[in-house]
Amino acid sequence: MAVALVGLPGAGKSAVGKRLAQRLQLPFIDSDDLIERRIGCSIRDYFEREGEQSFRDLEQEVIADLAAAPRGIVSTGGGSVLREANRRQLREHFHVIYLRSSPEDLFRRLRHDVKRPLLQVADPLGRLHELYAARDPLYRETAHDVVETGRPTVAMLVNIIVMQLELAGLIAPGTGSDPQV
Ligand SMILES: Nc1ncnc2c1ncn2[C@@H]1O[C@H](COP(=O)(O)OP(=O)(O)O)[C@@H](O)[C@H]1O
Ligand SMILES: O=C(O)C1=C[C@@H](OP(=O)(O)O)[C@@H](O)[C@H](O)C1
């Protein structure tokens, strides 16, 4: 069973993905970490030096590699759904979950962020609205499930996803039982 989390920057793909992986005792894989290991610098620096298209090429290579041996809980980069080839690879080889968040919630979570190159602009909320408008349909096209992230905490989102995976027959009931209960 392999799950890929998609959604805008700040949707909780890393935070939720890590806890979900712990809960299901599966490896957690962050595709942006894999890219940073390949390039040997931060994604933000790489964007500045080489530009977005070059980053997207690398991203596509990493997604193709992951799809060739799907495993664990994968946190994808927010733009990984932009290319049709990536959307197909993700949908065919992973159970894809879209963590949907409003631009306002994302802005609240990321207002002090300095790592995400696309948000280092004068009006990050405006940029989040643009990204949402362009990408929400692509996340929906790629995903098998959509989970609303506005109100629930990270722990609650993990519970919701475990329940959905059980209902979909992807994990046996009780596999992800909450150790605190
Ligand atoms: N549902 C949530 N409620 C409150 N804070 C959240 C939620 N999801 C994520 N966060 C916080 O928002 C920030 C961005 O989350 P992160 O997992 O890095 O997003 P992504 O990997 O999708 O870009 C982190 O500080 C994280 O703890
Ligand atoms: O939205 C995007 O296009 C990007 C999101 C980032 O990942 P997160 O979604 O983890 O921030 C990272 O892949 C890169 O900065 C590009």
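Each residue, glycine too, has its Cβ placed from N, Cα and C.
Now, the feature entries from TrEMBL:
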BINDING   GLY10, ALA11, GLY12, LYS13, SER14, ALA15, ARG116  ATP binding site
BINDING   SER14  Mg(2+) binding site
BINDING   ASP32, ARG56, GLY78, ARG135  substrate binding site
Task: Name the secondary structure element type, per DSSP in three states, that contains SER14 (ATP binding site).
output: helix
- request: Scan ALA11, ALA15, ARG116 for binding-site residues whose C-beta lands under 6 Å from an atom of ligand 1 and note them, or write none.
  value: ALA11, ALA15
GLY78 (substrate binding site) CB neighbourhood, other CB atoms within 10 A: 21
Rounded Cα separation (Å) that holds between ALA11 (ATP binding site) and GLY78 (substrate binding site): 9
Message: Roughly how many Å lie between the Cα atoms of GLY12 (ATP binding site) and GLY78 (substrate binding site), rounded to a whole value?
response: 10
Message: I'd like to verify something. Among the binding-site residues GLY12, ASP32, ARG56, GLY78, ARG116, ARG135, which ones have a C-beta closer than 6 angstroms to some atom of ligand 2?
response: ASP32, GLY78, ARG116
Message: Within its own chain, what residues at least 6 apart in sequence put their Cβ under 8 Å from the Cβ of SER14 (ATP binding site), listed in sequence order?
response: ASP30, SER75
Field: Sparsest-packed of the listed binding-site residues (LYS13, ARG56, ARG116, ARG135) - C-beta count within 10 angstroms
entry: ARG56
Query: Under DSSP, is ARG116 (ATP binding site) helix, strand or coil?
result: coil
Query: Counting only residues 6+ apart in the same chain, whose Cβ is under 8 Å from the Cβ of ASP32 (substrate binding site)?
result: ILE43, SER75, GLY77
Task: List the Cα distance (Å, whole number) between ALA15 (ATP binding site) and GLY78 (substrate binding site).
output: 14
Field: Three-class DSSP secondary structure - ASP32 (substrate binding site)
entry: helix
- request: Quick one: of the binding-site residues GLY10, LYS13, ARG116, which has its CA closest to the CA of ARG56 (substrate binding site)?
  value: ARG116
- request: Would you mind reading off the Cα separation of ARG116 (ATP binding site) from GLY78 (substrate binding site), to the nearest angstrom?
  value: 10
